[in-house]
Structure formats: C-alpha cells, structure tokens
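According to Swiss-Prot, the features are:
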- THR104, SER143, THR144, ASN145, THR190, SER322, LYS327: L-aspartate binding site (BINDING)
- 320-329: region 'SS loop' (REGION)
- SER321: active site, proton acceptor (ACT_SITE)
Amino acid sequence: MSNNIRIEEDLLGTREVPADAYYGVHTLRAIENFYISNSKISDVPEFVRGMVMVKKAAAMANKELKTIPRKIADVIIQACDEVLDKGKCMDQFPVDVFQGGAGTSLNMNTNEVLANIGLELMGHQKGEYQYLNPNDHLNKCQSTNDAYPTGFRIAVYASNQKLIDAINQLREGFDRKAKEFETILKMGRTQLQDAVPMTLGQEFHAFSVLLNEETRNLHRTATLLLEVNLGATAIGTALNTPEGYQPLAVQKLAEVSGLPVVPAEDLIEATSDCGAYVMVHSALKRLAVKLSKICNDLRLLSSGPRAGLNEINLPELQAGSSIMPAKVNPVVPEVVNQVCFKVIGNDTCVTMAAEAGQLQLNVMEPVIGQAMFESIHILTNACYNLLEKCINGITANKEVCEHYVFNSIGIVTYLNPFIGHHNGDIVGKICAETGKSVREVVLERGLLTEAELDDIFSVENLMHPAYKAKRYTDENEQ
C-alpha cells in the first residue's frame, strides 16, 4: 500500500481507494457505476445529515440493548457528532443522486465515512475495519431499506421547513405592497375582460393569502414524513433486530433530530409504500401552480409600457433584446414560471416512481429523492429571487389604473340595483359603440341624476362597495 492509496475488499474483490478518502470500496464502485447527473449527495447536505442522524439513533439504541460493545457505540455516536455538529466530511458523499440499488450506495457511503471517522478517533488508520466495521457496526440492526427512507424523510422534512420560511418572506413582501397600494383604484378583470373595480392593494393581498394557504398545506402534508420504518430492516419483518429495538431506535431518532417521528403502523407496508412522497410532492406542485399564476399576473399587469396594461412597473434588471432598443422584460417572473414548470414535471416523475414499486420494496426512491430535493431547492430559491429582484421594487402607475376604471364599461355593474340589468346592457352597448362613458350615457338617458352618480361612483364606494339600493319592508311592496 502506497502513501496515496489503501486497499479495501468487498464481495467482488479488492480495490485501490484514495488514502485520504473517508469513503471506501462500496462508494468507489458506486462512483464508477453511476455517472449520470454530476449532482452528488454532498450537494444535498440535509440528506447527509438525515442519514447520519439515523446512524446515531441506531448506535444509541444498540448501545442500550447491548447489541454492540459500548465503546464501539460511543465512537459511532462521536463520529456522527463530528458530522452533525462540525460539518466534518460533508464533501465525502460523492455518489450520484441517481443510483440503482434502492439507495444502498448512499447507505454504505454513510457507513464507510462514519467508520473511518471513528477509526481515526480510536487512533487507527482509515480502512482498518477489523476495529470498526461499516457493515457489522455502523449498519447494525439496519438495512438500506429502512435506514435510507428514514434518512430521506428527515431530510425532506428539514428542507421543506426552509421552503416554508422562504414562502413566508415572500408573503410578507406581498403584504407590504398590499398596504402601499391600498388606496390605488384599479379595474378587476375576469376572462381578461373588464369586470368591476377593486384596489391594487386588494390584488396584492390576495397573492399573500394564496401563499399563506400553501404554507399550511406544506405543513400538513409534511407530517406524513414523520412516520418512519426504522427498525424494519430488509422487508419489514425486523430481521436481525432484538426485541424492543424498533420503538427504541425511533425514540432515539426523535431525540437526535428534534422531530416528533413515530413508528409506522405496519413495517411491511411502510417499507414498500411511497404514498407519503406523492402527497408531499403534490403540495409542492400545488405551490408551483399558484406561484406561476402570480407570475403570470405580474407579467400581464406590467405589460406595455405603451401598448399593454401598464398598471405596475417591475424593477428594470437587464436589457431585454439584442435587436429592439429600450426593451426591458419581466425576466424574474419568467424564470419563476420556468421553475414552476420544472416542479410540475418532477411531480409526474415522483408519481411514476412511486407506482413502480414491486412487492416488498420500491427501488426507485433515489429518483424520488432527486426530484423532491430539486423541487424544494429551486422553489426556495425562486421565492427569494422573486421577492428580492421583483416584488420589493414594484411601483404602481396610479393614474393609469384610475383611468381604466373611470373609462371602463364594467362600472355599469354598480348601477344594476338602480336601473336594472336590461338598462345596464343598453348603457354598456351604447358606450361600446360610441366611446362615451357610462356616466355620460346614463345622464343622457335620464336614468339617474348627477348627484346619485357622484355617490355611487365615489372613490370610496368603488373601493369598498356599499349596498345603496332599495330595501323592501312590506311583503306586498313591488
């Protein structure tokens, strides 16, 4: 063995492993076998932490049940803390996020890294597994089929909380704009046609409420991840675990993670079923749908500036065209739209992978993980990007907004209780044909007085409509 390599052995024979690597031969083979995306497990630190938490919880349970020597358990726990508390070896998880084997490559990567950290703590060299073994000690009372999905669930839950934080900050940004724009009267639109007036503040407040609904939905679905199959081992029969291990390991995981994890109701079902991932990613898809709709609205409201709605101005961030001078595009809402499309596509991936399970195991969890972590990551970044580069800098074109209101035909709807729907149709048709305002036509036809129109079309009443029509007190009154 040279200074640059060490020799390790597995089922398939011996291999040379870089001497300074904390991973071992199993990880080396995975690197060679799966060169798919150039995205590594190290790029998802929450996943690394989730797996290490599982190993720490297992070591604590094994120590208490005396299934491994106390000194070995203590070293494993200390090695886990080196990663969890100090961030040691976070770059030692080079396995591609796309991997066959239901996650065995990541499970063994974790076992090897922790074993080699532990060996150094014991005063031994990396790879001297006769003292601390990745399989016999780090993987004690575990299988990839319970360790991997449990670590995955912990990781997705933690990542989900970061996304919720980002959504809340974006929501607060919309709230600030809602307050800023609360007195700006504008035209509401349905089917892209003039409807009735509202305030720009109300429009932005609706965006905020919409996002608040999504945080509640994400919270609700994320609780499904807290039911874990740790202790199930290979297929859910708890093979090679002592009595009491499964509930104890889950209890220790709750202590280590600070999360209220609970044992799955049926370990065989939990080991093969991926329904929770479908539900959680469905919530991500729903957020993407809503967020994309908001961005569509922002692009429409800022369209122009001369031949569009031009009700709001988005921050000018970069030149918009290589041929058209002075053109500036809504690039941030556009990129958020694209993020949302990708998340919606990922949802199809998760659905198909969850369906692809066979008998007692679903081997497609790695691609579910890739899709879920990507969706959460890009949605989190998109929320911050939209807030910082767009929402915070939006300004309103008050005069344009009010011009649309007072020159619209839609405000005739306010007159329905006074002149009736049929007269409203006639007024609207005349306005459309002649270009006259609703006020002009109503006065010409003698349907209402100037004073009555002033009251009905007051800014206050247009912003906050009050019922001003007749109320009937006698049943016989016509």
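Glycine is treated like the rest: Cβ placed from N, Cα and C.
Sequence features annotated in Swiss-Prot and their locations in the structure.
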{"residue": "THR104", "record": "L-aspartate binding site", "Cβ within 10 Å": "20"}
{"residue": "SER143", "record": "L-aspartate binding site", "Cβ within 10 Å": "24"}
{"residue": "THR144", "record": "L-aspartate binding site", "Cβ within 10 Å": "22"}
{"residue": "ASN145", "record": "L-aspartate binding site", "Cβ within 10 Å": "25"}
{"residue": "THR190", "record": "L-aspartate binding site", "Cβ within 10 Å": "9"}
{"residue": "SER321", "record": "active site, proton acceptor", "Cβ within 10 Å": "10"}
{"residue": "SER322", "record": "L-aspartate binding site", "Cβ within 10 Å": "6"}
{"residue": "LYS327", "record": "L-aspartate binding site", "Cβ within 10 Å": "10"}
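Across the structure, THR104 (L-aspartate binding site) and SER321 (active site, proton acceptor) are spaced 49 Å apart at their Cα atoms. Residue counts for the region 'SS loop' (320-329) under DSSP, helix first, then strand, then coil, are 0 helix, 1 strand, 9 coil.
Under the DSSP three-state reduction, THR190 (L-aspartate binding site) is assigned to strand. Summarised as a single figure, the pLDDT of the region 'SS loop' (320-329) averages 86. Among THR104, SER143, THR144, ASN145, THR190, SER322, LYS327, the residues given in the record as binding L-aspartate, the maximal Cα to Cα distance rounds to 58 Å. According to DSSP, THR104 (L-aspartate binding site) sits within a helical segment. Cα of LYS327 (L-aspartate binding site) to Cα of SER321 (active site, proton acceptor): a span of 6 Å.
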